[in-house]
Amino acid sequence: MRNSEEAEGFHGEASNTSMISGASSPYQPTTEPVHSRNVLGGIRCDFEYLKSHFGILKAVEVALALIAFICIETIMLCLPCGGVYFFEFVSCSAFVVTGVLLLIFSLSLHTKVPHVNWSLTDLVNTAASTFFFFLASVVLAALNHKSGAEIAAVVFGFLVTCVYAVNTFLAVKRWRMGDGRSVAVQTSEYMRARTASRGEMEARPDLA
């Protein structure tokens, strides 16, 4: 009888010990779902931007700048070559910068750097590209040798100039709207703070 009681006590202590060790073990089974890691770090494609006016204009600008650059690269002989080299530099620079901005906006990367005024950055790029593409196209049209590649480059140069001009117009409107909104927000915050300060002064008892 005593042996049976001792055996039961031993089994009870063993079960308690296993429960305690199991509770303190770091390798506990869990019912929480295992989430897969996002290898892209939260980067997503903004299809709404690609469908917007700015997204479509950016894509057209990149395509036309690339075509203009390809046309100017097919020219084998030129004399003088200043107009060709200038047009080549402008078309290549516009293609690279606009392509990078299109990638940044379409992948929402600009939201990760909020301290940069991206509306103003886009405005500066489109305005500069409009001016330099127009200047390069005029110079190439005046100095070309009537070859097919030069004529094609001039045509695509003026086409991309028009697209950049439309983008510049829309970018100016967006920048003005954003600047006016920020000024209005700052003014309203200033008036709210001034009103609160005046209310505190009126609520403060007279020390005299």
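Backbone N, Cα and C atoms are what each Cβ position is placed from, and that goes for glycine too.
Feature annotation from TrEMBL assigns compositional bias 'Polar residues' to 14-33.
Across the residues of the domain 'MARVEL' (49-176), the predicted structure has a mean pLDDT of 91. Here TrEMBL flags 49-176 as domain 'MARVEL'.
As annotated by TrEMBL, region 'Disordered' applies to 1-33.
Outside the transmembrane segment (62-87) by six or more residues, the chain places 94-95, 98-99, 102, 133, 136-137, 139-140, 142-145, 147, 149-150, 152-153, 156-157, 159-160, 163 with a CB less than 8 A from a CB of the stretch. Summarising the annotation, TrEMBL assigns transmembrane segment to 62-87 (among others).
The transmembrane segment annotation in TrEMBL covers 93-111 (among others).
The feature transmembrane segment is assigned by TrEMBL to 123-145 (among others).
The transmembrane segment annotation in TrEMBL covers 151-172 (among others). Outside the transmembrane segment (151-172), and at least 6 residues removed from its termini, the chain residues within Cβ reach (under 8 Å) are 53-54, 57-58, 60-61, 64-65, 67-68, 71-72, 75, 87, 91, 94, 119, 122-123, 126-127, 129-130, 133-134, 136-137, 140-141, 144.
In terms of DSSP secondary structure, the domain 'MARVEL' (49-176) contains 108 helix, 0 strand, 20 coil.
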